[in-house]
Amino acid sequence: MRRPILRRLLRLSRPLLQRQLSPFETQFSLHHAPLVPPPSSSSSSSSSSSSSSSSSSSSSLSSFSPHLWNFERPFVPSSGASIDRSDRRRASASDASDARAASVFFSEPDGAEASALAGVGREILRFLRKVEIGLKAAHGAVARPTEDEHVAILAELSSDRALDAMHRQMWEHPDGRRVLEETPLLDDRAVDYAALRRLPSNTLGFAYMQFMDSHGLHAGARQPVRFVDDRERAYVLTRYRQLHDIMHTLYGMNISVEAEVALKLIEFHNTGLPMTLLGSIFGPLAAPIIRMHMPRRATDADVVGEALAGKLRRERSGEESCSFTSVNAPLHIVYESEQTRQQGEKSEAESGAFPEEDRAVSEERSDTEVLYPRHALLTELLPWAWKAGRAVKVPLHCVYVEEWFDRPLEDLRRHCGVILPPAHLAPHVARDQSS
């Protein structure tokens, strides 16, 4: 008798055992923050049971995200609260008639009317909540431009239509459809970064890891999507964020302000996300007017003196604050580090560059170099980015990039229709601008 019962229990529990959350579904359940409280289940029981159920649901939802709506804050006093009127005079007949007339117009709706009003109220509350969070995020983005959380929130609040278009575009493409069905993530749970570093130097995986390592980046450190309620939209936006570093690799661009702004314009052509357009419009205001690349001998006491050399060394190491070392300062100063110099000498030795007749060029490179990033961005980089964005044949979010890691980088560039920036813009977009 026990064996049939055990078999039946195993048969019933098999779908539950087979159903496992994907990495993205786990991430979505951990970070998702609904803008408005979820609709309570309609029940005709007492008000105490409904209030207890809503309090339990709020406690379970507010346990994983600090951005959730405060469900326990009362906006409207409860209709069932008792009011002590023992010290007041008895209402007159006219007051009673007015009360009866008012009860006709202000009676509690029920049934379909109540559900319709609840839906309208939720939409209004959702809109007000979006405005509130958006204003706070906009203020944070202006006050602290180096923190990507605020820009990420603005993108989530303003991208519903663009995410629908991206989802439709992916679903109509065979590779994009497989991406939507399998929901891969570019993190250490699915990608072996050590294996990518061992790939040949001409492959996408090697170039991708070289870019990430040289700038101290990690794909898993991207901001999670919190304020997009639909799972499909949330995954599309997550995929876009994780592919941004692949975009840098494809176009051979660093993380300078002018490179980021130019990439935003290319991404706008591919995705239609409003924040990419705003970034390409207002981004030039954050680009430095002048950038000075200081050689190592600028901190040499024998050249500039002990006092100035010591001050420059303290600024470069961060012991003293200096606004000129900020990447978006009007005057941005970049000091050549020992590691940068050794890498340059190694690449020159391997390529056989700088023979006797090119020594003058080498000495010229050791002097201070002055660039004008904002002027180059407005006059050359943005026109190139507009042309490159329109030339894209296959958007990157429609590509299963994990299958291209062991293939040549040039093959993916031809597949997507990538136009590289002009060679004379390499000092702006292809050099490490970190101080």
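Note: Cβ is positioned from N, Cα and C throughout, glycine not excepted.
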*Record-annotated Zn(2+) site (TrEMBL): member among GLU232, GLU260 besides HIS244, ASP245, HIS248*: GLU260
*Which are the residues of the chain, HIS244, ASP245, HIS248, GLU260 excluded, whose CB is within 8 A of where the CB atoms of the Zn(2+) site average out, their centroid?*
ILE246, MET247, MET253, ILE255, LEU263
*CB neighbours of HIS248 (Zn(2+) binding site) within 10 A?*
22
*Check each residue in the chain of ASP245 (Zn(2+) binding site) that is at least six apart in sequence and keep those whose C-beta is under 8 Å from its C-beta; list them in sequence order.*
TYR208, PHE211, MET212, LEU217, ALA219
